[in-house]
Amino acid sequence: MSLAGYGKIIRPMNAGVSGVTAGIAYFIAGGTQPLFSVLLFFIVLVICGAGNVLNDYFDLEIDKVNRPDRPIPSGKVSPKGAVVWAGILFAAGVAAACFTNIWCLAIALVNVVLLIIYAAKFKGIPFLGNLSVAYLSGSIFLFGGFLVGPESFLVMLPLFAITFFGTLARELLKDAEDIEGDRLGGARTLPMQIGVRKTSVLAVIFVLFAVLCSFVPFLTWGVVYLVLIGVVDAFILLVTLRALKFETSTELTASNCTTYLKYGMFAALFVFLLMEILAVFL
């Protein structure tokens with residue numbers, strides 16, 4: 001066991017990006033208080049980190065095959081220590097959420113419960129687990145919006161929808177990449193039932209929904225936004241359509257489609273941030 005293992009198991013890069021996204025969402029929704037952005041960053045960081053810890057705890061047998069280098073299967077963190085660590089992080093996140101407002105506190109509590117149920121149960125149910133992750137990713141925008149006020153909820157809805165559908169597509173493709181390890185670990189995923197090709201078709205459909213939703217902010221941000229998001233949308237579509245060429249998880253993994261899709265989603269987030277900055281200063 002090691003302290004470094006307890007830091008690694010929260011997946012700080014993943015959790016940190018989620019925290020930064022919450023701060024950006026607050027700014028896009030019209031927030032102006034830097035301290036609130038820091039508070040949101042902390043809440044999302046620790047709650048997301050706790051969820052990652054629980055995932056590793058329940059995925060121990062699968063990770064022995066897929067990711068033996070992770071903290072629990074490698075022995076850097078004990079299973080019991082992981083549960084305690086997750087509890088501490090969840091408690092810290094909920095406690096910090098008490099300093100926001102009733103709407104944000106409600107989202108934090110719902111997400112904590114969902115993260116626990118997801119790790120223990122939903123993750124093993126085909127497609128339901130993917131839907132849970134997609135909601136949790138999109139809810140970061142709702143969290144940032146509600147801190148500004150209930151009226152900002154409507155501002156965040158298109159961004160929630162874009163993130164929801166984009167994440168859903170990526171999660172399905174990730175499951176398609178992990179078919180062999182998931183099968184050996186006893187997991188049940190949608191790609192195991194319908195195959196890589198049909199999963200890729202579903203991913204393309206959900207990406208198309210995300211692209212359609214991405215046009216809605218044009219009503220607020222205008223032509224410049226439309227041009228920028230159009231470039232990002234084209235990249236995301238091309239990457240996802242490329243997945244249709246592959247019949248096996250090995251081919252899909254080698255293509256790096258999920259990695260490029262992640263880059264495209266980051267680019268979309270940058271466009272949202274840029275447009276809000278331009279709206280404030282121009």
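Any Cβ shown, glycine's included, is placed from N, Cα and C.
Some features that Swiss-Prot has for this protein:
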TRANSMEM  27-47  transmembrane segment
TRANSMEM  76-96  transmembrane segment
TRANSMEM  97-117  transmembrane segment
TRANSMEM  127-149  transmembrane segment
TRANSMEM  154-173  transmembrane segment
TRANSMEM  201-221  transmembrane segment
TRANSMEM  223-243  transmembrane segment
TRANSMEM  261-281  transmembrane segment
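Residues 155, 158-159, 161-166, 168-170, 172-173, 190, 229, 232-233, 236-237, 240-241, 243-244, 261, 268, 272, 275, 279 of the same chain, all 6+ positions outside the transmembrane segment (201-221), place their C-beta atoms under 8 angstroms from a C-beta of that stretch. For the transmembrane segment (27-47), same-chain residues at least 6 beyond its ends with a Cβ under 8 Å from one of its own Cβ atoms are 10, 15-16, 18-21, 89-90, 92-94, 96-97, 99-100, 104, 108, 111-112, 115, 140-141, 143-145, 147-148, 152, 155-156, 159, 272-273, 276.
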